[in-house]
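When I checked TrEMBL for this same protein, it listed these features:
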type	residues	note
BINDING	163	substrate binding site
BINDING	193	heme b binding site
BINDING	194, 240, 243, 248	Ca(2+) 2 binding site
DISULFID	33-115	disulfide bond
DISULFID	66-71	disulfide bond
DISULFID	121-316	disulfide bond
DISULFID	200-225	disulfide bond
DOMAIN	23-320	domain 'Plant heme peroxidase family profile'
SIGNAL	1-22	signal peptide
C-alpha cells in the first residue's frame, strides 16, 4: 500500500508538472526572443497609423481564430488546392470579410528576422490584438504567451461556432457559453464593435425589418445599403457611428439610443438580461475597459496548443 501511495504521489506530481509546463506565461519570450513584443508593437502601430480600420481587423482575426479550434492561428492557414488543404478563411463568417493577413505576414517576417522560428503566429495574433486596441485609445492588458501553431483548421467549426449577426440574445449567450463565457463577458467582448465596420448584407435585415432601431439611424444607412439582396452587399458602415476609430464605450451608449448596427448588437439592449451591463458600461468607461481587458485574457486562453503540441510556423499561412 505504501509503495502504491508513493507511486500515486509521484504520478500526480509528474502530472502537475506537465500541466504547469503547459501554462502560458507573459515572460515566455523574455530569454528566447526579448525583442518580440516591441517588434510586434511597432509593426501594429505602423499598420494602424497607415489605416485606422486595420486595428479592428487585427482584433477580429484573433477573435475568429480563438472561437474555432482555440487560439492556434488556424484562421491564418490558406487553402491549398495542390495539397487538398481547406482552411477556415472560406467559412461564411470569414469569406470576404476577414482582412489583415498581409499585416500579420509582415509582422511574422519582422519577428523571424530577429528570432528564427521562435515566436508563434498564434502569439503574434494575441499580441497584435492587444496592441491594436491600445493604438486606438483602448485599455492594455498583459498577454500570456507560449501558444503554438496548429497544423489543422476546421471549416465546419468556423461555420458553426462563430456567432452570426442575426443571432438573438439567447443564441449569443449559448454560443459564448459554449466557449466558457458568461452572459456579461459576452456583452463585454461585443464591445469590440466600438471599432470596425460591417457589410450591408450583415445589417440589411436590421435596418429594414427590425423595429428596435432608431428610425433616423436606419434611414441614414439605407442610401448605402439598398433593400434588394445582392445590391450593395459589400458596402460598409461603422459599427460605432459615434467614434468609429476610437476604442471607447460609445458602442454601449449607441445601444441605449437603439443605434446598434447589427441585429445581434441591439439584442444586448432589448429588454433582456444584459440590459444592465450595457447601462453600466455606457455610463462607466473604466468599468468597460477593465472588464474588456479581463475578458480578452480569458479569450486568449481558449484551448491553446502548448509544450510540444503543434509547431512554430515559418510563415503563418502554411504549415511547415
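Glycine is no exception: its Cβ is also placed from the backbone N, Cα and C atoms.
TrEMBL: automatically predicted annotations, no manual curation.
Thinking about packing and proximity, how do these listed features fit into the structure?
For residue 163 (substrate binding site), other Cβ atoms within 10 Å of its Cβ number 19.
Counting only same-chain residues six or more apart in sequence, the Cβ atoms lying under 8 angstroms from the Cβ of residue 193 (heme b binding site) belong to 239, 240, 251, 261, 262, 265.
The Cβ of residue 243 (Ca(2+) 2 binding site) has 194, 250 as same-chain neighbours under 8 Å, each 6 or more residues away in sequence.
Taking Cβ-Cβ distances under 8 Å and a sequence separation of 6 or more, the neighbours of residue 33 (disulfide bond) in its chain are 111, 114, 115, 118, 119.
There are 22 other Cβ atoms within 10 Å of the Cβ belonging to residue 316 (disulfide bond).
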Between residue 316 (disulfide bond) and residue 71 (disulfide bond), what C-alpha distance do you get in Å?
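Answer for this pair: 13 Å between alpha carbons.
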Of all the disulfide-bonded residues given, 71, 115, 121, 225, which has the fewest Cβ neighbours within 10 Å once its own Cβ is left out?
115
CA-CA, which of the recorded positions 66, 71, 163, 248 lies nearest residue 225 (disulfide bond)?
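Smallest Cα separation from residue 225 (disulfide bond) among 66, 71, 163, 248: 163.
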In the structure shown, which of the binding-site residues 240, 248 has the fewest Cβ neighbours within 10 Å?
248
